[in-house]
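Visitor: Before I ask anything, here is the structure I am working with.
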There are 2 protein chains.
Amino acid sequence: MILRHSFMKLICDMASKSHSNDEEVETKEMDIRSLSSSGRHVHNTQYLHKVGVPPKQNLFREFTATVKETFFADDPLRHFKDQSRSRKLILGIQAVFPILEWGRSYSWRKFIGDLIAGLTIASLCIPQDIAYAKLANLDPQYGLYSSFVPPLIYALMGSSRDIAIGPVAVVSLLLGTMLSNEIDPIKNAAEYRRLAFTATFFAGITQATLGFLRLGFLIDFLSHAAIVGFMAGAAVTIALQQLKGLLGINKFTKKTDIISVMHSVWGNAHHGWNWQTIVIGSSFLSFLLFSKYIGKKNKKFFWVPAIAPLISVVLSTFFVYITHAEKKGVQIVKNIEKGINPTSVNKIYFHGEYLLKGLKIGVVAGMIALTEAVAIGRTFASMKDYQLDGNREMVALGAMNVVGSMTSCYVATGSFSRSAVNYMAGCQTAVSNIIMSCVVFLTLEFITPLFKYTPNAILAAIIISAVVGLFDVPAAILIWKIDKFDFVACLGAFLGVVFSSVEKGLLIAVSISFAKILLQVTRPRTAILGKLPRTTVYRNILQYPEAAKVPGVLIVRVDSAIYFSNSNYVKERILRWLRDEEEQVKAACQPTIQFLIVEMSPVTDIDTSGIHAFQELYRSLQKKNVQLILANPGPVVIDKLHASNFANLIGNDKIFLTVADAVSSCSPELVEEV
Amino acid sequence: MILRHSFMKLICDMASKSHSNDEEVETKEMDIRSLSSSGRHVHNTQYLHKVGVPPKQNLFREFTATVKETFFADDPLRHFKDQSRSRKLILGIQAVFPILEWGRSYSWRKFIGDLIAGLTIASLCIPQDIAYAKLANLDPQYGLYSSFVPPLIYALMGSSRDIAIGPVAVVSLLLGTMLSNEIDPIKNAAEYRRLAFTATFFAGITQATLGFLRLGFLIDFLSHAAIVGFMAGAAVTIALQQLKGLLGINKFTKKTDIISVMHSVWGNAHHGWNWQTIVIGSSFLSFLLFSKYIGKKNKKFFWVPAIAPLISVVLSTFFVYITHAEKKGVQIVKNIEKGINPTSVNKIYFHGEYLLKGLKIGVVAGMIALTEAVAIGRTFASMKDYQLDGNREMVALGAMNVVGSMTSCYVATGSFSRSAVNYMAGCQTAVSNIIMSCVVFLTLEFITPLFKYTPNAILAAIIISAVVGLFDVPAAILIWKIDKFDFVACLGAFLGVVFSSVEKGLLIAVSISFAKILLQVTRPRTAILGKLPRTTVYRNILQYPEAAKVPGVLIVRVDSAIYFSNSNYVKERILRWLRDEEEQVKAACQPTIQFLIVEMSPVTDIDTSGIHAFQELYRSLQKKNVQLILANPGPVVIDKLHASNFANLIGNDKIFLTVADAVSSCSPELVEEV
């Protein structure tokens with residue numbers, strides 16, 4: 001590629017001398033064209049409308065426009081325009097703390113909605129928190145801590161009205177797996193906790209930084225399909241992990257892949273299973289799943305699956321307490337500390353070898369947590385039709401986790417299941433999170449000792465019934481229907497998580513997502529166009545079988561911006577279309593191809609490599625005595641065609657507004673014959 | 001994103017109940033449409049042509065078609081179609097050894113051309129080879145070895161007719177830098193050489209593998225602009241390195257960045273420079289540059305710069321020999337071994353720690369060598385209009401380097417400067433490489449001892465005059481003109497190489513190239529369309545200021561496939577266009593926007609995330625009482641709109657063949673008024 005430019009100049013003279021017969025051809029072409037223009041009586045638009053060249057922008061404005069589209073696409077500062085300085089300050093404070101904005105119009109009616117929703121999600125979150133903390137290999141109270149401080153911070157800074165904040169299953173599992181790769185959670189519990197807070201701190205920093213630098217779009221690089229697969233895989237992995245609690249197994253593998261886990265389960269089948277645990281666990285699991293089924297069957301009973309976990313916990317705890325089942329091998333929660341979050345500022349590793357490890361784990365966990373929270377936020381915002389600034393959301397989530405890491409919380413984010421319950425219970429604002437937080441506060445202060453006799457099997461059952469929803473079969477079926485490649489990404493992520501580990505699955509998901517992007521930019525589609533009968537519309541002949549090719553003219557549409565990554569392919573592909581067409585034409589004894597029209601409507605941009613490719617295409621066509629004609633280049637493209645002098649090379653009169661104009665310039669008689 | 005699907009279903013009922021006024025709106029819309037169809041007398045095409053749904057392909061065929069477009073885009077097996085088995089075998093052998101194909105039609109006339117070209121490039125390559133070997137920290141004969149065996153292998157297997165094979169400056173520098181990071185080339189010369197052969201071996205394996213697996217398109221990911229910058233940076237670095245030879249400095253830094261080198265040069269200014277060396281070096285450098293100027297000025301004298309290096313070597317060697325300048329501090333080549341390539345099979349590291357290092361260096365060097373060779377091959381193939389299969393080329397280049405690594409050669413590839421000379425000297429086939437190879441053979445066997453007295457300063461001068469051409473200012477200017485972002489990539493790679501190191505520069509070049517791709521897929525362009533007066537053509541109003549918006553209708557064109565990486569942006573951007581337009585319309589007291597037409601012509605594909613984004617867009621528009629209408633979705637898109645049931649959701653009668661049809665369905669009176 002390098003030096004091609006100089007080569008071209010260097011050799012252009014020689015080439016033009018050695019092929020002096022080109023000129024003759026061009027004269028002939030000109031004759032045809034002048035003939036055609038005299039014989040024209042249908043399409044005279046191209047004399048009215050030449051392809052527009054947009055007004056030249058100055059460099060600075062062009063640059064700021066690009067920066068704006070990239071980082072400020074949602075125009076977050078539009079409210080600040082044309083405001084006084086003091087008003088701007090108020091708006092600025094409101095932007096950081098949206099509660100100041102919506103708080104002013106808060107009403108009693110809204111509070112009723114928020115109160116009901118808050119109580120409902122609190123009843124759901126308390127048993128879940130205790131269970132999820134176990135997934136992260138932390139003591140149960142840390143789950144409750146994470147449902148106390150973070151929701152309060154979010155209520156101040158967040159702008160989603162429906163999200164329910166707290167620990168979630170997938171992030172807990174991810175954190176648990178990654179942290180225990182570094183430190184043993186049982187032998188070095190204190191250090192493990194410190195690393196957990198460090199990771200939480202950096203997860204928050206990552207989230208806030210992404211939001212502040214307006215790099216939120218980075219999370220869009222994880223494709224929907226990959227997430228569906230990843231989540232389903234995580235659900236299976238989490239459910240499998242719960243077999244330990246559900247079957248009352250003492251010795252259990254630390255690996256999370258399905259083979260190790262099943263091996264561990266069957267290896268313990270003879271003397272490792274505890275039938276009392278199995279009875280309690282399976283009966284309450286059936287109850288939970290049944291309540292879920294009722295909630296799904298009739299939307300009015302959405303509260304049934306929402307309070308079922310709490311009921312299960314209360315009933316089973318009471319049952320164990322009176323029967324002393326814990327002495328018969330039924331494992332219970334045992335100690336759960338009373339009182340609200342202690343500080344943990346001094347526990348975060350700000351130096352030493354664990355700083356870097358915490359940072360790494362924090363970045364990964366923070367990104368996954370972000371993906372989940374932003375997806376929830378967007379879904380509900382579009383459902384209730386309010387604007388949500390993704391980047392501002394990220395700053396709020398980040399701040400919440402940074403504060404959380406200093407108050408003994410681990411990574412919190414928006415929970416899918418609880419947010420849906422929150423929405424259905426009629427929440428109006430983030431006040432429902434405050435209500436939930438208050439209930440958790442009361443629980444921590446007064447009720448935690450009562451959880452001592454809660455059997456682990458119940459927590460396992462609660463987790464299983466919670467993650468069932470992550471296994472989204474209809475979404476997978478829809479993906480299969482819409483896009484097979486997406487399905488491969490989905491399946492790859494799923495199998496990666498299930499058969500290897502959460503991190504591997506995530507890596508597979510990201511890799512496949514990127515591979516798809518790269519494939520997309522390397523191999524753009526091209527199509528041969530034909531004329532729809534009785535119109536001047538040209539369309540893909542594969543999509544419209546009635547579309548007729550114009551004899552002697554080949555019309556190719558390139559369906560992508562032409563960049564270095566595909567310029568060579570585009571050139572080769574156009575030449576291949578031409579070769580195939582020439583063979584067909586020869587076999588059918590039709591007039592040979594004299595004109596190649598490239599429909600450029602979808603070509604939104606072109607770079608230097610693209611221009612080179614077109615120069616080469618032009619030269620190849622010259623050798624074949626085929627005229628190159630361009631139709632409808634966009635503003636950026638026409639600008640660059642002029643800047644690079646390519647427009648002059650092929651002739652400005654070879655660039656047309658529409659394909660119809662271009663075709664009629666070639667041979668109007670033929671067009672009318674069709 | 002996960003679970004959105006279930007959410008939607010779950011909440012759809014509720015939403016539809018709470019917004020029952022939607023139905024009324026739709027009825028009103030219907031009235032307008034039925035009115036419009038009765039009042040229509042211009043556009044009745046949509047009754048003739050519905051948007052075509054392409055015939056359903058079976059999964060296997062779809063898959064093979066994708067694989068074919070990705071890996072076999074150039075249809076390399078087309079010659080094999082409909083041939084007998086024995087003919088296929090012959091074609092297969094010819095595909096591996098193209099010499100069997102073109103050799104049969106070889107003629108005396110072609111041989112004359114090849115002979116002259118071969119002798120010319122030989123005279124150029126011999127001094128260059130000796131000089132480049134020094135760049136790679138190898139003894140001079142290894143440069144000559146690499147111009148003996150590889151061109152022979154290439155002549156048998158390669159299909160480019162104009163490329164001149166041998167060591168090149170940039171690859172030599174890259175190899176020299178990377179190898180000497182691992183092993184000191186002076187203290188451990190033998191081990192250094194072994195690692196060089198190992199790297200060459202793996203460079204060959206990399207090249208052949210890429211070609212064999214038809215992954216050649218991977219080299220397209222290095223953008224033209226990045227290469228221009230990288231090459232210019234390498235040229236500056238190489239030229240600076242030559243100050244050592246040119247000024248006769250003994251102690252010289254091993255770093256390649258400009259600051260270390262200039263420090264080293266000035267630090268030696270007082271007693272490290274040798275004036276005799278400077279006189280010889282600068283006078284011959286002037287001679288070489290002047291000959292280059294002559295060759296550039298008049299294409300007839302292309303042979304002047306081609307033989308100038310050999311003349312310089314001969315004259316300077318003779319001069320040193322008779323004046324005994326080597327005793328006055330003028331450094332000379334000293335020993336250069338006689339005889340052809342010894343075997344080096346047993347020197348390649350096939351195990352041990354250097355295996356991996358050699359592999360790593362080999363992959364990088366192999367890719368860069370490939371980029372250069374393929375660019376040359378493509379340029380000349382398009383100039384002389386013959387087909388070149390990039391992947392087959394890579395196999396040839398790979399085989400050549402694998403054989404080379406076993407015969408004491410280091411990485412050889414196509415040289416820009418020598419290939420241009422080859423072309424201009426009138427080469428016809430790869431026989432010119434064989435001629436060159438024969439001359440190098442004779443040189444190795446008989447003449448090498450004569451190079452003993454060649455001053456190093458001459459080699460430095462030859463290198464400088466050779467790399468001047470890599471500093472391609474016009475190309476950089478063109479890049480600046482065409483694409484500012486490309487220019488940043490170019491400058492970044494240049495500065496990275498000059499101020500840091502070759503590898504860093506390369507890394508920067510690759511990173512910027514990828515960043516550009518990612519930016520492209522994340523932030524596609526969108527445009528507002530207006531109607532060109534007296535036509536039914538709708539175009540970007542920024543490009544065509546005369547294009548008029550249709551009152552009450554907003555027409556947005558999305559200029560890219562809609563994938564997970566941009567689906568959310570596209571949705572938000574469309575809503576922002578709508579919001580802006582509504583504000584404008586309000587201010588101007590014009591009719592409110594009732595219809596949003598999305599022109600989908602450039603949307604070549606859509607994935608699950610894209611469909612979700614459109615569903616959300618549709619819901620948001622419903623809330624605003626704006627109708628969503630689609631114009632001209634392509635075959636893949638319409639297929640997926642149906643598969644996902646989105647076409648039914650918005651109504652099949654809301655999808656039109658052209659924007660004009662869509663507009664006339666909204667309000668034909670308005671269209672005719674304009």
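A Cβ is built for glycine as well, from the same backbone N, Cα and C atoms used for every other residue.
For reference, TrEMBL lists these features for the protein:
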type	residues	note
TRANSMEM	B:111-132	transmembrane segment
TRANSMEM	B:152-175	transmembrane segment
TRANSMEM	B:195-215	transmembrane segment
TRANSMEM	B:221-240	transmembrane segment
TRANSMEM	B:275-294	transmembrane segment
TRANSMEM	B:301-322	transmembrane segment
TRANSMEM	B:361-381	transmembrane segment
TRANSMEM	B:393-413	transmembrane segment
TRANSMEM	B:433-451	transmembrane segment
TRANSMEM	B:458-480	transmembrane segment
TRANSMEM	B:492-515	transmembrane segment
DOMAIN	B:543-666	domain 'STAS'
Visitor: Taking residues 6+ outside the transmembrane segment (B:393-413), which of them lie with a CB under 8 Å of any CB in it?
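Guide: Same-chain contacts beyond the ends: 96, 133, 136, 138, 142, 145-151, 153-154, 157-160, 165-168, 171-172, 175, 196-201, 203-212, 216, 341-345, 348, 365-366, 369-370, 372-374, 377.
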Visitor: Quick test of the contact rule: Cβ under 8 Å, at least six residues beyond the ends. What residues does that give for the transmembrane segment (B:275-294)?
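Guide: Those are 245-248, 301, 304-305, 308-309, 312, 315-316, 319-320, 325, 328-331, 455-458, 460-462, 464-465, 468-469, in sequence order.
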Visitor: Mind checking which residues of the chain, 6+ beyond the ends of the transmembrane segment (B:492-515), have their Cβ under 8 Å from one of its Cβ atoms?
Guide: 173-174, 177-178, 221-223, 226-230, 232-234, 236-237, 255-259, 364, 368
Visitor: Against which stretches of its own chain does the transmembrane segment (B:152-175) lie, if we need a Cβ under 8 Å and a gap of at least six residues from its ends?
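Guide: Contacts of the transmembrane segment (B:152-175) (Cβ under 8 Å, skipping residues fewer than 6 from its ends): 96-99, 121, 125, 128-129, 132-133, 135-136, 143, 146, 196, 199, 231, 234-235, 237-238, 241, 256, 361, 364-365, 368-369, 372-373, 376-377, 380-381, 384, 386, 388-389, 392-393, 395-397, 399-400, 403-404, 410-416, 418-419, 421-423, 427-434, 436-437, 463, 466-467, 470, 502-503, 506.
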Visitor: With the transmembrane segment (B:433-451) as the reference, which stretch in B:111-132, B:301-322, B:458-480 has the largest tally of C-beta pairs below 8 Å?
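Guide: The stretch with the most close Cβ contacts to the transmembrane segment (B:433-451) is B:111-132.
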Visitor: Counting by DSSP secondary structure, give me helix, strand and coil numbers for the domain 'STAS' (B:543-666).
Guide: 62 helix, 21 strand, 41 coil
Visitor: Should the transmembrane segment (B:301-322) and the transmembrane segment (B:458-480) be scored as in contact, given a threshold of at least 3 Cβ pairs under 8 Å and pairs 6 or more apart?
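Guide: Per Cβ check, the transmembrane segment (B:301-322) touches the transmembrane segment (B:458-480).
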Visitor: What parts of the chain pack near the transmembrane segment (B:458-480), using Cβ distances under 8 Å and only residues at least 6 beyond its ends?
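Guide: Here the qualifying positions are 127-128, 130-132, 134-135, 169-170, 224-225, 228-229, 231-232, 234-236, 238-239, 242-246, 280-282, 284-285, 288-289, 292, 305, 308-309, 312-313, 316-317, 333, 416-417, 486-487, 490.
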